[in-house]
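**Q** Can you keep this structure in mind? I'll have questions shortly.
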């Protein structure tokens, strides 16, 4: 039964080639793996949280996974299909810095109004701390989610209006690599964003 759908149709492959940084072979391999883990072709938030928890065994990744799921689920239907999954994976793993920052911005912008408020930033940072704080030693000025959020806003909110625009977010991250580390909660950078 699973055999009949284990290859992407040519028109789907072409669409994904145009919207990702993956080769045809990589797309086919990812698709096979996706169908193996998600035989229905759709991933629910609970399934996604279980998968995400495997990557963060020493913390509670469920809240952060919900935010990542929401950002992957671009059509807001409550599931992630292969196209949504592979496009987001391409951006987060192979995208240029600006693409990654736009993706991260959309995750932090919880209400989708085009700005990140302090409370939105705090909610994401709290979720990150729940996920990794048991295995990461934080500097004193970042020892709580509130301190980290304040630090990010001090550095990024250049017009002091209490919210971050996409432009402030990208400019702040590009001008100071430590901001990217603050956002990622990953001192070695690169991997998670």
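Yeah, the Cβs are placed from backbone N, Cα and C, and that goes for glycine too.
Here Swiss-Prot flags 73, 75, 77, 79, 84 as Ca(2+) 1 binding site. The Ca(2+) 2 binding site annotation in Swiss-Prot covers 109, 111, 113, 115, 120 and is backed by sequence analysis. Swiss-Prot lists 157, 159, 161, 163, 168 with the feature Ca(2+) 3 binding site. Residues or ranges marked as domain 'EF-hand 1' in Swiss-Prot (evidence: sequence analysis): 41-58. The domain 'EF-hand 2' annotation in Swiss-Prot covers 60-95 and is backed by sequence analysis. Residues annotated as domain 'EF-hand 3' in Swiss-Prot, with sequence analysis given as evidence: 96-131. According to Swiss-Prot, the domain 'EF-hand 4' annotation covers 144-179, on the basis of sequence analysis. Residues or ranges marked as N-myristoyl glycine by Swiss-Prot: 2.
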**Q** Can you grab the distance from residue 168 (Ca(2+) 3 binding site) over to residue 111 (Ca(2+) 2 binding site)? Cα atoms, rounded to a whole Å.
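**A** Computed Cα spacing between residue 168 (Ca(2+) 3 binding site) and residue 111 (Ca(2+) 2 binding site) is 18 Å.
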**Q** According to DSSP, which of helix, strand or coil covers residue 159 (Ca(2+) 3 binding site)?
**A** coil
**Q** Sort out the residues at least 6 away from either end of the domain 'EF-hand 3' (96-131), same chain, that have Cβ-Cβ distances under 8 Å to it, and list them.
**A** 56, 59-61, 63-64, 66-68, 70-71, 88, 144-146, 148-149, 152-153, 162-166, 169-170, 173-174, 183, 185, 193
**Q** Determine which residues of the chain contact the domain 'EF-hand 1' (41-58) at the Cβ level, with the cut-off under 8 Å and only residues 6 or more beyond its ends counted.
**A** 5, 34-35, 64-66, 68-69, 72, 78-82, 85, 131-132, 134-135
**Q** Quick check for the class: what is the C-alpha distance, in angstrom and rounded, between residue 77 (Ca(2+) 1 binding site) and residue 111 (Ca(2+) 2 binding site)?
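**A** Given the Cα positions, residue 77 (Ca(2+) 1 binding site) is 16 Å from residue 111 (Ca(2+) 2 binding site).
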**Q** When you scan the chain for residues with a C-beta under 8 Å from the domain 'EF-hand 4' (144-179), skipping those not six or more beyond its ends, what do you find?
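**A** The answer is 97-98, 101-102, 104-105, 108, 114-118, 121-122, 125-126, 128-129, 138, 189.
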**Q** Taking DSSP three-state, what's residue 115 (Ca(2+) 2 binding site) in: helix, strand or coil?
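**A** Reduced to three states, the DSSP call for residue 115 (Ca(2+) 2 binding site) is strand.
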**Q** Hey, does DSSP put residue 73 (Ca(2+) 1 binding site) in a helix, a strand, or just coil?
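**A** In the DSSP reduction, residue 73 (Ca(2+) 1 binding site) maps to coil.
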**Q** What is the set of residues, excluding 73, 75, 77, 79, 84, whose C-beta falls within 8 angstroms of the centroid of the C-beta atoms at the Ca(2+) 1 site?
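**A** Same chain, not in 73, 75, 77, 79, 84, Cβ within 8 Å: 42, 72, 74, 76, 78, 80, 81.
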**Q** Under DSSP, the domain 'EF-hand 1' (41-58) has how many residues in helix, strand and coil?
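**A** Taking the domain 'EF-hand 1' (41-58) as a whole: 11 helix, 3 strand, 4 coil.
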**Q** Counting distance between Cα atoms, which of the binding-site residues 73, 79, 84, 157, 161 is nearest residue 111 (Ca(2+) 2 binding site)?
**A** 73
**Q** If you draw a 10 Å sphere on the Cβ of residue 157 (Ca(2+) 3 binding site), how many other Cβ atoms land inside?
**A** 19
